[in-house]
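What Swiss-Prot annotates here:
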- Glu126: active site, proton donor (ACT_SITE)
- Cys12, Cys96, Cys197: [4Fe-4S] cluster binding site (BINDING)
- His41, His74, His124, Ser225, Ser226, Asn227, Ser269: isopentenyl diphosphate binding site (BINDING)
- His41, His74, His124, Thr167, Ser225, Ser226, Asn227, Ser269: (2E)-4-hydroxy-3-methylbut-2-enyl diphosphate binding site (BINDING)
- His41, His74, His124, Ser225, Ser226, Asn227, Ser269: dimethylallyl diphosphate binding site (BINDING)
Amino acid sequence: MNILLANPRGFCAGVDRAISIVESALEKFGAPIYVRHEVVHNRYVVNKLKEAGAVFVEELDEVPDDSIVIFSAHGVSKAVREMAKSRALKVFDATCPLVTKVHMEVHRASRKGSEAVLIGHAGHPEVIGTMGQYENREGGMYLVETPEDVAKLKVKNPDDLCFVTQTTLSVDETSDVIDALRAHFPKIQGPRKDDICYATQNRQDAVREMAGLVDAMLVVGSRNSSNSNRLRELAEKVGAKAYLIDDASMIEADWLAGVEAIGVTAGASAPEVLVQSVITRLRELGGKVVAEHPGREENVVFEVPPELRIL
């Protein structure tokens, strides 16, 4: 059984930055450091940060006064920011800059009074944070996930309408929803550049290119990771059996029956150490040749806040 590794895979610049912010805050200020929501959606990463002294909470009322709090890579609503400010909490913002870009687009629409449509998954922290950027009561902010949602959508003024997207969606499915929006609301305006982030796009492209070369695909990532779920769905869509796994312990030998080539990729919040443990386990189960499939090189870097830069 050959093992083919997708490229690029694993950590993106936004995840690297978010983890570095938590690690640097712990190094500079000591534990505990409070983090609102999982800083990235990966169980291994969160557990390692917990061991180092990070305390993960879902709401700010769980954070004691005079504490340091970090906002997760998924971003937060304006209301959360205002609450942190009113309590004089020291905040470090680990929101991915590409999510912040979407927040600014929604903020501009709110300020102008334009209505806005967000393409995204209800309940996802990024979606909650993005919806929470819109404050204009005279306008409106709407969430859609499918072309069927678009068909049922009613807005106040279809002539003054824009759309944005969650950054971690399926490129193909998002394109279908955008097409539906443009058909239903011919004057709708979109962002100058697609909101789906470069890392999401690149990892999906790598899976699409590789899926025809393998019989099965393992996606390393946690179940609450949106981009990891989209990778598994895409692999299945293009014809490979696909499994989403947190780590090597979840691999079942039955999955490999009759498999001559297996692909391995990792979501943007999954560290390379987990990929290497998967390779080790696959070797134990009969894997032989390990090859890196060529892919797009990534050199994007997002800096941590100046106060947290360790010299």
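Note that the numbers count up from 1, one per residue, in the order the chain is shown.
Placed from the backbone N, Cα and C atoms, the Cβ positions cover glycine too.
For the recorded positions Cys12, Cys96, Glu126, Thr167, Cys197, a Cα-Cα cutoff of 10 angstroms around Ser269 (isopentenyl diphosphate binding site) retains Cys12. Take the mean position of the Cβ atoms of His41, His74, His124, Ser225, Ser226, Asn227, Ser269, the recorded dimethylallyl diphosphate site; other residues of that chain with a Cβ within 8 Å of it are Val40, Pro125, Glu126, Thr168, Asn224, Ser228, Gly267, Ala268. Cβ-based crowding with a 10 Å cutoff singles out Ser269 as the top-ranked of the binding-site residues Thr167, Ser225, Ser226, Asn227, Ser269. Those residues noted as binding (2E)-4-hydroxy-3-methylbut-2-enyl diphosphate (His41, His74, His124, Thr167, Ser225, Ser226, Asn227, Ser269) have their most widely separated CA atoms at a distance of 15 Å. Within the same chain, residues at least six positions away from His74 (isopentenyl diphosphate binding site) with a Cβ under 8 Å of its Cβ are His37, Thr95, Cys96, Val99, His124, Pro125, Glu126, Gly129. The local packing around His41 (isopentenyl diphosphate binding site), expressed as other Cβ atoms within 10 Å of its Cβ over all shown chains, amounts to 29. Look at His41 (isopentenyl diphosphate binding site): DSSP puts it in coil.
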